[in-house]
Structure formats: C-alpha cells, structure tokens
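*Asks:* The structure is given below, and queries will be raised subsequently.
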Amino acid sequence: MLDPNLLRNEPDAVAEKLARRGFKLDVDKLRALEERRKVLQVQTENLQAERNSRSKSIGQAKARGEDIEPLRLEVNKLGEELDQAKTELELLLAEIRDIALAIPNTPDDSVPVGKDENDNVEVKRWGTPREFDFEVRDHVTLGEMHAGLDFAAAVKLTGARFVVMKGQIAHLHRALAQFMLDLHTEQHGYSETYVPYLVNHDTLYGTGQLPKFAGDLFHTRPLDEEAESSNYALIPTAEVPLTNLVRDEIIDEDDLPIKLTAHSPCFRSEAGSYGRDTRGLIRMHQFDKVEMVQIVRPEVSMDALEEMTGHAEKVLELLGLPYRRMALCTGDMGFGATKTFDLEVWVPAQNTYREISSCSNVGDFQARRMQARCRTKADKKTRLVHTLNGSGLAVGRALVAVMENYQQADGRIEIPEVLRPYMKGQQYIG
C-alpha cells in the first residue's frame, strides 16, 4: 500500500509515476473523496464536542434543580447525528482504503520505462549455451525415457498442469532443492524456515495477493462455511508466510537484516495463461520453489536487491547453467515491486532463455499493509521496514534446465558436479 499522505498531498506526482507502469490513478476522485473526508472529520469532531458539552450541562442543570428534559432530548438528537456522521465517515474511509489497496507500487526512478516484457532490458549474461552435435530432446521426452515424469498419472489423480515424478528424476528434483537450501543457509546467511502451506486472508492482504489477485489463488471450501479454514488459501509462494512473520512487529534495527529461506510447494491457478506452456514443467498449478526473503532498513534495500539477485545467480553458476539477468520495465513488474530483476536460464529445446528467478525490492509497500516497523534502541520513533523477495530458484524449472543442458547423445543425463553429493556420488541418470 502506498503512503496515504502521498496520495492526499501529492496525488499528481504519484499519478505520474504510476502512469509509467500503465496504471491510471483517478486523481479527481481521490481529491473529491479527500475533501469529503475532511468535511466529515470536522463534522464528527464538532458533534462529539457539542454532545460532550451538552451532557456536562445536564449535570449542572440537575444540580441547580432545573428541568433537564429539553437538554436530554438535545443530547439524544446530537448522539443520533453523531452516529450517522461516524457511519458515513467509516464508509468513506473504507472506500478510500479499497481504492488504496488496488493501487500498485510506484516504480523506482532507475526502472526502465516500458509496456511489457518486450521492453525489459538485459543487464548481463553468464555462460555460453552448449552446442549439441545431436538432436536435442526436451525434458518431457527425457523424463519419459527415464520413467521419471508421468503427466498422464497426474491427470488421472488431479488434472492438467500437474506431474508425478518418479525414481532418479524425483531424486534429482530433491537434490536441487537441498543444494539450494544448503547454499543459501551456509554461504549466503539465510535462516532455513518451515512455513504453513495454508494461510489466512490477513496474511494474503499483508503481502498484496488480496484483494486484487484472489482469482489467482486456490481457496479452501470446507463443508462447514463457518469453519476457520474457510478463510484459508494455498500459498502461491513462500514469500507470503515468510514476509508476514514480521507483521505487527517492531524490530530492533540492530537485528536487521532478517534473511529467511524456505523450500515449499507453490500453488497457482495460472488464470490468464490458457494455452501457454501446456507441455512439460514450465507452467504448473503446483511447483516447488526455494524462496529468499529479506527484511531490511530502508536505506539499504537497493543494495539488498543486488545481493539477493547475486545469491540466485550463484545457484545457476554453480550448476553451470547459462543465464541472463533482465531489468524488468515498468509495465512488466509485479503489483508490489518497486524494482525487479528476472533471471532467465537457457532452455536448449526451446532455443531461448526462460524465467527461473524473480528478485524484487518491494520497499515499504508490504510493510505498510503489515505494520512491520523498526527502531533503534536510542530512538522511540518507529519507521516501516523494507521487504524483498526472490526465487532461489524455482526447482522444477531448474530441473528442466539441468535435464536439457546436461543431456547426452544416448539419452543419459549428466548430473552436475555440485549435485553429486546429494545423489550418492552418481554421475549420470540412465
């Protein structure tokens, strides 16, 4: 959520920044609502003061033996007017809040201006795509060769965009996740965290999935609609529970940064992606991801974004997978991001780079929703923290990249050296 003071006092400046990302802020409506809020606020305060004064007069008149009935009727009338004004003010504030919750974050001035993914800017490349002297197989074909990817079984069990992994492919998938967790905890300073895969609506509001993206989530529907679990949804990413761990907290600045990582399944409806990436593991309703989250002081958040992106890059480099870093343009960034870097890994069968990590600085956008604050021991005044999140990495897409980049002419898959300790020293699948 944006700073309400900015929306009140500098709506034109906010509108200009939001226009860079293709969002039209209705400044006239905001101004009209703000003027009405001021009127109602003053009216409510005046009515409250008048009622208090008249109530005090009742006691004084009673002490003098005067007839208090006219005063009592006047106080009752003032009370009714006050209740009506309060109700109107509450409804207006709710309308303003609903509008504010639907407004995306403003882009940082360093973000390239653009309309969509075609306007993203390549920042760097690492590694050279391998040249094959045989016909490249995609990961689906390789998975079927090794009886490791069974999409038909998943359709029978659930439906489209799910997979059953088996045998050595399932083992490789697990090895990737374990390698990522070990790297982030042992070398990058993150604390491993296990989180619930179901969260309540307050948690989803905190990180910005609600109210705008309710359709992208899988919601629980218990038989008893009054049950607490009717307020649950499956997590679209571990960012959601990890970041909300600091909701309604005041953190000593000496304890920052807080760096957390978690391996979890992620659940997404993929609304709006009908017909895209229907083959294979690229776009699934359920997929595993190792997530990184940082909670930092505001003045260091851009440095933290560079650090976090570097942590995701290190995973790819140790796996020997060619990639490129893309600075997302204003029109392609996520709802809550003020700046985002995507990492795209080389996928030989598609002869292109595909997203495998997205690292974002969210600024104080989530912290304001969550009321996550920090302060120094010497200063009682609090301020909002900045939050960052990043994929370190999407495990299924990493599996795709390893299978395709390390395939051999005979169909075997070479296991990257850094993964062999997790595969009992095995060098090849097949």
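These residue numbers are counts, starting from 1, taken along the chain as shown.
In case you wondered, yes, glycine gets a Cβ from its N, Cα and C as well.
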*Asks:* Let me know which member of Ser110, Ser358, Ser391 Swiss-Prot also records as binding L-serine at the site of Thr237, Ala238, Glu239, Glu291.
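*Replies:* When Swiss-Prot describes the L-serine site, the candidate it includes is Ser391.
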*Asks:* What count of other C-beta atoms do you get within 10 angstroms of the C-beta of Glu355 (ATP binding site), across all chains shown?
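*Replies:* Here the count is 15.
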*Asks:* Give the distance between the Cα atoms of Ala238 (L-serine binding site) and Arg268 (ATP binding site), rounded to the nearest whole Å.
*Replies:* 12
*Asks:* Below 8 Å Cβ to Cβ and six or more residues apart, same chain only. Which residues does that give for Ser391 (L-serine binding site)?
*Replies:* Lys289, Val290, Glu291, Met292, Ala312, Ile356, Ser357, Ser358, Cys359
*Asks:* Taking the recorded L-serine site as Thr237, Ala238, Glu239, Glu291, Ser391, identify the other residues of that chain whose CB atom sits within 8 Å of the mean position of the site's CB atoms, giving them in sequence order.
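*Replies:* The answer, listed by sequence position, is Val240, Leu242, Ala262, Ser264, Cys266, Lys289, Val290, Met292, Val293, Asn389, Gly390.
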*Asks:* Give me the Cα-Cα distance between Glu270 (ATP binding site) and Glu239 (L-serine binding site), rounded to a whole Å.
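*Replies:* One finds 18 Å between the Cα atoms of these residues.
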